[in-house]
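Okay, so here's the structure we're looking at.
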């Protein structure tokens, strides 16, 4: 127990060593009695685990009779789920992996500071709320992984995520029970998740994943419960509305919540198709069903989703690091931004001094400075760039100039320079201002008008490529593009406007309304997601890696002196899940339509797995191992249903006493293998110190079953 349980360093104090030894013995006894209890419960509870076949004469098929939830099993699943997720929750007491992002965003909500993220805001709102409710004051900077939390209260945010993660095995139990009508199938599915090291690790830190998976599983449970209710009774409406609430929660945390919306949508379409074919229902009845589902599964989630953004905008009302990702009009809403409650002339005029902002994400301000382009880069004239910060050099008196010299970095684009001064120059300084979506001669309105600058001599358009110049003080290349298609890279707006000859107006009259900022936020998030490309030195996880547990993620620590946490699924569980996907296909092919549980219940779980896994093969953005965990939930539930069906099929080949003993032996062997694999791999979740797995004296020696594992 001492060597396998954890790899703590030698402790000089004998009293501390003795207390550690006693704790290890207690843990070992607890595991032993847990295994003994489960085995006894399996062997002595025929009435709980036994499946009764009920004939449906109309279909000439068989299905399993419903079994009520077993109270002892529910409490056991609940207790073990919370125990495994809350054990060592406060360790390590430093930032782990993406806590540096989502913990910081929780702080922004507490401080009401505006920021930008590629995901919708619900998950971060809940993290911030959890921190606020548990006494966190929002002052920890969350700079980088490994930074110590010190006196700051971080356990509340971790505890919130752990609590939601603890609900997943409980949800799995009830979902599989509804789909299979078998307590044993439900217990297997729950056990696979309870003792999965990956599911434990991803639930113990300040991350969006446990929040997302909570809403996904909540939506699936609500859907399957809804399907079992009598139409239009109180419980039918309750589960319908809960399905809608959870759908809005899933997509309100991450856009991949769309996958569970598709799952519920396909299930709903199938139900409506069946209702339409029911000759006992009138068209009015079918219309009532349709209207109820539109209300509960479309209108309610949409209302809640929009409400989340309304809360997001209301709370984050102070200028912050996210300002530059949004338009000038959007920024004018934020307290502390230089555009908030500012005054300036409404329309652009000749002689005005202005700043010009590009409309791509973090496109920056049109900028120039006294430095010239280096030798070999076009004409040796003054540089024109895009700069992400407000700066005096965003105002300039040089003429904006372009010519047929090649741009510094973007092929087939032309160089843009600063040339001449105060109107003196040449014909290459002439540009035509075009209002996007407007007509020739339309005035240019500050903040709101989108404009393009077309070069008269060459016909190209002023363009921000987004590429950082190699010696440009972190500034971005500006070119003149011969490709005239309207894109955010070639669109600009006027932000600052100074002209003493014109009357000023308050910019408050130009503030965008709620629907405008809602639409802009989604455009920015979608562009931000599409821009998440792997860097040259960054390893991009592949979707085919995930089901085989090919490679995990370092959450904390690298070398033997550091506290190491490694995100990796329990190999026995994950490889069993993979095998059961193939086994399910074989069993369906053999059983055909005669197994209601496999066809109906298993089919929904396979569809859920496919919808949460297959789309990643089409994504161009950078991918990570943790993206597979929602699909893994469906795979684990399918494993429970498939293996339980297989074990209960033993009576087709063996006499009842032998079939019964084979069933019990198989259940005990399965639970024991999951428990034992958790026992030997649990240091991955709860922390390791000392030598790495491939080094002599490591507590994880012999457990690096794949060379790609990095613990």
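Backbone N, Cα and C define each Cβ position, glycine as well.
Checked against TrEMBL, the range among 155-176, 331-352, 353-374 recorded as transmembrane segment is 155-176. In TrEMBL, the transmembrane segment annotation falls on 206-224 of the listed ranges 54-72, 73-91, 92-110, 206-224. From the options 525-544, 545-564, 605-624, the stretch TrEMBL describes as transmembrane segment is 605-624. TrEMBL lists transmembrane segment at one of the ranges 640-660, 661-681, namely 661-681.
As stated in TrEMBL, the feature transmembrane segment covers range 183-200 out of the listed 3-20, 183-200. Under DSSP, residues within the domain 'MIR' (441-497) fall into helix, strand and coil as 3 helix, 26 strand, 28 coil. With a cut-off of 8 Å on Cβ pairs spaced 6 or more residues apart, the transmembrane segment (206-224) and the transmembrane segment (155-176) reach 3 or more such pairs and are scored as touching. Among residues of the same chain six or more beyond the transmembrane segment (236-266), those with a C-beta under 8 A of the stretch's C-beta atoms are 119-123, 208, 211-212, 214-216, 218-220, 222-223, 225-226, 229-230, 292-293, 296-298, 300-305, 308, 525, 529, 604, 607-608, 611-612, 615, 627, 630. Between the transmembrane segment (290-316) and the transmembrane segment (574-599) there are fewer than 3 Cβ pairs closer than 8 Å, counting only residues 6 or more apart in sequence, so the two stretches are not in contact.
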